[in-house]
Structure formats: structure tokens, C-alpha cells
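Asks: Would you mind keeping the following structure in view while I ask a few things?
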């Protein structure tokens, strides 16, 4: 018997069975019976119909097992394709695997099982960016050291003099720094090029000619001597600006000198530029200069030495010795305000009252809170 005839016979038998059940239900319902018996009969009939429907579905699945499995696999693939919609990228590769039935045995039917496992391999991103055309790379400037006759001999003689003044504990760290640090001139092919460069036609309006000359002196001059705890260097050239004559017997500086301070005092360089921009003109010229024999080559602030200022110690320059109480008294008395001479018993100094306001402005801008605590 062919499968088609078997299917038609099963469908006709199920329809005749349904008709028989319906007729018996109508006959039983038409008879007169108590309400309780009718309710029990109704529940039993519904249960019988439900059992018949379930049995027919099981019979259909057993006669065509491949069709039911195919539908289930198609449903799984449809759900997977919906989830992966929109995630496929250009160049992605998809790999499929065929799944076996739950029993573990492979079906002998000629129908091929549909894949239900999907593997996605995304393309890796490029680690290096593509070369962009049209970019312009800045050219590196080459600096040529100018050698002059007699410089080597002068350098060797000054190196021996300076080496004897440096403590023995620092000889090891400064062995390669003196030859570079003595000659501060830099240039190319016999021409001197200053480290202070102005690329416009004129200097900034807040700098005077004396300021620019002092800055070039501090950045380009050769280091000649190192004295006491202050690191000073003297100029062997013609003085660029007129400086007050140092007091006799001071022994600190003869001529034009500079003070090399710690790298932590770099705020003094910023204070000099801020002083000139604001038009106060109360700070000494200072620059930042790299010296290999100081703090492992870190840039240090170099300040112009003014011999007219009285050094309170060997580390800083200040005009008077001042404490917090004296400072408060001078502010209260308003010494030299509007050109009025103060009384002798007030203890005023030569500093005008307006100068304290400028110092307070500097302390606020530079965030200096320990000026009077030193």
C-alpha cells in the first residue's frame, strides 16, 4: 500500500470517529438526567475528545518523523537569522555544522539535515593607520658647533680651575658636564646664534633693550667661576648694561654675574615675564638654562645678579630682613604714601607703601605663601 492511500485512510477513519462521538454526545445530552450527571458526562466527553486529538498528533509524528524534525530545525535557523540581522560585516566568514538528532543516530533518509550552529569570525582592525597623503613633516634643524683656535686650550685651563672648587662627592656625576657647560655659545659655521630668538620684526613691547641684553647674557655667556654656595658665572665680554658698582670687600661678583638656583624655583622665570607684562618692572631678569652639572641636566632658573641688594643669606637675594610683625606695622603706618616722609620713630624703611601691594599681587598670582616665613 502506498503512503498516500495510508494517509487518506487514516484521515477518513478519524473523521468517522469524530462523527460517531458527536452523535453519541448529542443523544446522551438529549436525555433527561440530573444536573450532576450532565456535568460529569460533559467533563468525560471533553477529556475523551482531547485524548483523541493528542493521539492523532502522535500518530502523524510517528509516520513522518523527518518532516517534524525539519520544521523544528527551520524554526531554529529562522530565529538565529533574525538575531544576527544587521551584524554581518564586509569580509565576515560564516561556518556551518550539521546537527544530529537527539538520539545520537544519524537518519538514513536522503534528506540532508539543516545546520543549526553558526560561527562568526570578524575581521581584525588594522593596527597601523594608513599613510595619509599631503602631510608635511617639519625638517630637523642641524646645529653645527663652531670651533675657534684657542678655545680648546682656554677650556682645558678653566676646567682644571673649576674642577678644584667642586666637592669630591660631585666629581663622578659632573665628569662629562664641564666641557659642555663652560662654553655656552652655540652657532653654526662660524656665526654666533643666541638662544633668545625673536622671530618678529621687533621685540615684545613690554621688554626693554636692557631686558633683552640681560636675557641673552644669562643664556649665552660662558661659565667662568663658581663661588660659595651661590653658583655664579662672570662675563668675559664687554658689559651689555650698566650695573651698580659692587661694594668693596664683597668678593661675590666682579662685573656682570648670574645666579643659578634650584630647578624647583622655576616660578621666578614666570614671575619675571609676568612682571614685565603687567608693567611693574620690579623683578630681576631671569631665564631658564640647562646645565648638565646641576641636578642631572634639568633646566634651572638663572637670575641676573644685582650687587646693590643685600643678601640675607647665601641662597636668596632680598633688600631687607623682614618678619611678619614688622611687615604688619609698615602696612599700618603706610610709609611713604603719596610722597609723604614718615616719622623717624615709626621704623619705616625706604620701601614705598605701593611696593607692598605689588608684592602681594605677585604672591597671589604665583601662589606664594611662604615669602615671609623664610
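Glycine residues also receive a Cβ, built from the backbone N, Cα and C atoms like all the rest.
Dumping what Swiss-Prot says about this protein:
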TOPO_DOM  1-38  topological domain 'Cytoplasmic'
TRANSMEM  39-61  transmembrane segment
TOPO_DOM  62-374  topological domain 'Extracellular'
REGION    136-177  region 'Disordered'
COMPBIAS  136-146  compositional bias 'Basic residues'
COMPBIAS  166-177  compositional bias 'Polar residues'
CARBOHYD  281  N-linked glycosylation site
CARBOHYD  314  N-linked glycosylation site
Asks: Within 10 Å of the Cβ of residue 281 (N-linked glycosylation site), how many other Cβ atoms can you find? Include all protein chains, please.
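Replies: Around residue 281 (N-linked glycosylation site), other Cβ atoms within 10 Å: 11.
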Asks: Looking only at the topological domain 'Extracellular' (62-374), what is the model's average confidence as pLDDT?
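Replies: Looking only at the topological domain 'Extracellular' (62-374), pLDDT averages out to 64.
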Asks: In DSSP terms, helix, strand or coil for residue 281 (N-linked glycosylation site)?
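Replies: DSSP assigns residue 281 (N-linked glycosylation site) to coil.
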